[in-house]
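Per TrEMBL, the feature domain 'DYW' maps to 760-852. According to TrEMBL, the repeat 'PPR' annotation covers 69-103, 104-134, 136-170, 239-273, 343-377, 444-478, 479-513, 545-579, 682-716.
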């Protein structure tokens, strides 16, 4: 109906209406005679800046039966509106009602404006309704603006249509107001009609305010940045407000680079940036992590004298925080500490920044410091500090902080509730996370995504799928993040069947072309052992970002396809995509997995000169792994000692693993000592050192390590293997007899053992780390979890389907040898993913070429 009405009015002969420059906004004001009793005195008080005193004098006079004239009342109301003293304005209105004077349209319009700006739309509506034939164009425009400002878009557009029916032609203020009413998705289609009306009226070519309102209408109403930009380009006059608005909307709609380009264009065009402009472009730098430009802008801020501005300060804190990979958290803190005044945004930015950088204790310390001052935390502040608690699994601290949130009135806030669910789940307290989820006053998609992601990461994919069904039943609507979380969950357990089901549902939902989803699919297929399916998704992805390329390179690296990984890396560079730190971890890992030592050195040495990436601990660990796997243990140790920073436990654990592969007991002792110096109670190091001693036949040393573990009450992670069959994950431990098909599994295992021995398999009892008889050692080897899982796969699936087994620890050398023979005996392709990489077994060979 509205569209038809607007089209009809837009099609009217516009020559019947005066052009924008000659439209009269209100009837001529008459200078009413001043009341000799009060009027001049009140005006004098106003001129002296004593608004409150003037209104007090007005009320005292009205009780004595005297009152000023209508013009004085009008002046008082306008002063209240200008100074945003809305409570005083209401007092003026009450005095006007007691005076018995007949208000003119000027006063009534001021009253509509007063109540509109104080968010009392009902009172504004009452004044407007009582005006009758005193309504003029200003009255209609004010009422439309009131509805638009109070999120009553339906009423705003309806009033606009009624105004047209009453014969009024909109002015710039009116068009800007109705365009604001169309700045929500629900009114986007009506906005197109309003836009056509404005084009015909000529106001787009003559008024900046109308142009800005249209930019917002397209950007906020329909997320149409292209149309918003066209409006901006068509505006004959673009002031600093228009430039700043366009930059802000670009960043909000995911195009921060365009915002930066606009800023540079603005500098050439002439308008001088103000504090809001600098805030907008700093926000764009934050999203792009563009530290270099951000530092230059910071210099500009100081030179412009805006360093003390709280909004600019908040943007600088946020910019440095989000560029923390460049070592800028310290700079963020310096900006924060130098700010004269803090608001909730600056506190939240710095707290969230420390949590993001995983300096969690400092984030929590800052939060408690904030609570001692005048600024109250908001729901985003609580979300940031609860994340810090989750990062360090400090549930007790999280509970204390949530108690404060309840005290401050955030008990029913969904954002805070979601953060509590996340805190519990990140700390491994899934039952508490579920209870916190169930207690949420209102569950939104973020609530479900938080728990879906938590269940996925905790390897409880069945619960995650149940939540997906609940989301769909409630009609909340799934998002790309929901499916990405589910894909992450199935990838963690290697449940490729469920992953394929999710992929099919995403194709149905039209989400398969989403870049985030494509990246998640590549990772899922790769981590589930189907690298070719991952490559198909990669090839079909039209827009590839750094995550897309890195996911594929990581996949090839984990599967031992080093050459394909490096070829993909070079294609990425040719496509103009800049690698990041994670990309180089994948590249160096691919070199390590296949022994490409010279390539590894070349890429390691090119990181900073070619891409400005400073090698971090992870990159040094990859190089230690590369040298260690190849047997160059002395060179690896020299490399560690030459590092520009202290080698942490990751580097030394990598070196210790290489010592185990090559049986170097002395260097293993040295590596373990360095680990114990930093983490004296690390059970994995004790276990690895004990196994090195046992492999070397040093049983007394191995027993001493085990005894020390017992005294420290340290326990090892139990080795287990699992396999998905018919959408169900079956998990096995060493010597496991709990499975319903255990008897069949062991019968088939005995038959297979006999077959593969005839093919040349010889049990390698060196991998039995117990001082027992040789025959017993062979029996131990036969009961390893990966052998049990492979055999279960053989008896539960039909040829030629691949068998995909997953193990939480490194595959044992004897199992690796046995599975090669099993693939030869059965003709079945077998894929095993251990803690480090994938092994593809076929016809008696493995993709790792025994280099692992």
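The backbone N, Cα and C atoms fix where each Cβ goes, and this holds for glycine too.
Computed from a predicted structure; not experimentally measured.
Same-chain neighbours of the repeat 'PPR' (545-579): 515, 518-519, 522-523, 525-527, 531, 534-535, 538, 586-587, 589-591, 593-594, 596, 599, 611, 613, 833, 837-840, 847-848, 852, counting only residues six or more beyond its ends whose CB sits under 8 Å from a CB of the stretch.
Within the chain, the repeat 'PPR' (104-134) has long-range Cβ neighbours (under 8 A, six or more residues past its boundaries) at 26-27, 29, 70, 73-74, 77-78, 80-81, 84, 86, 89-90, 93, 96, 142-143, 145-147, 149-150, 152. With helix defined as DSSP H, G or I and strand as E or B, the repeat 'PPR' (545-579) counts 26 helix, 0 strand, 9 coil.
In the repeat 'PPR' (479-513), helix, strand and coil residues by DSSP number 28 helix, 0 strand, 7 coil.
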